[in-house]
Amino acid sequence: SMASPALLMRVVASAYSVAEKAATIVRNVMSAGDLGIVEKAGPNDLQTKADRLVQMSICASLARKFPKVTIIGEEELPADDVTEDLIENGHCEEILKKPCPAQYTGIKEEELVIWVDPLDGTKEYTEGLLDHVTVLIGIAYGGKAIAGVINQPYYNYEAGANAVLGRTIWGVLGMGAFGFQLTEAPAGKHIVITTRSHSSALVNECITALNPDAVIRVGGAGNKIIQLIEGKASAYVFASPGCKKWDTCAPEAILHAVGGKFITDIRGNPFQYNKEVKHMNSAGVLAALRNYDYYASRIPNTVKESLVP
């Protein structure tokens, strides 16, 4: 008889279906028209009804299947009873059929930490920049991001009424990443992607020092990594403390799975994702699919000294 799939593959297969359910919730909240926006720390730090419902759905669905896994979500939510219509029990069969990389076959539930950003790019969501929005489920083991699921609920939304809306990208270290076409940015071009709504003098000083051919300003960490793996940008640079572990865990795993370098902070230190770690990535972000060292070597010391891990 077939050995049952390794825990990691079962978690990823479930996270895939849970992310697709999340995308449906995101689209339903938007089409119903009442986003239920509340400010958290200020006008650039928003939470909507979609953030709240999606986090409840993801965390409750995964906790029910994998009760000993640590799950850390962005939103501070009361531990209300989650209604059954938010629970997703399904899993992606195709993922279960793939062999688990050998180094991860013995993982136990209590060794995994799942970092959840229910709606990455909330500000853009409220402004109708729907292609910026992603749902992020990152899976960490031994403090490292080893697997991730990124759902884009509005992928294809400008392609007309008959287009299939949304897609799910997933990856596991040692296996690769799936659900998109891996493409490199044009050779010899330095296209930097950075924040849209959290700019600062430091962010801009850092970008100027890289002497880029072009700068793309978009919302969402998940969205930025998709731009890297699809060849629209060559580096993701964010010289600011705004980003959190749930923003970077899933994207980091996807980028690493296809051979990119991610994520270090602006000083070159890798991120840690164990459950005790602080949530803020206070020393910024630097990531690239190729030529990471080109960008890392050009970060000014003034920028590095301003950002304390």
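Every residue gets a Cβ built from N, Cα and C, even glycine.
Now, the feature entries from TrEMBL:
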type	residues	note
BINDING	Glu74, Asp117, Leu119, Asp120, Asp247	Mg(2+) binding site
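Annotated features taken from TrEMBL, shown on the structure.
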residue: Glu74; record: Mg(2+) binding site; Cβ contacts under 8 Å, 6 or more apart: Asp51, Gln55, Val116, Asp117, Pro118, Lys244, Trp246
residue: Leu119; record: Mg(2+) binding site; Cβ contacts under 8 Å, 6 or more apart: Val26, Thr48, Ala50, Asp51, Val54, Tyr125, Val133, Val135
residue: Asp120; record: Mg(2+) binding site; Cβ contacts under 8 Å, 6 or more apart: Val133, Thr134, Val135, Leu136, Gly220, Ala221, Gly222, Asn223, Asp247
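Counting other Cβ atoms within 10 Å of each Cβ, the binding-site residues Asp117, Asp247 show the lowest value at Asp247. Excluding Glu74, Asp117, Leu119, Asp120, Asp247, which define the Mg(2+) site, the same chain contributes Asp51, Val116, Pro118, Gly121, Thr122, Thr134, Val135, Leu136, Gly220, Ala221, Gly222, Lys244, Trp246 within 8 Å (Cβ to the Cβ centroid), listed in sequence order.
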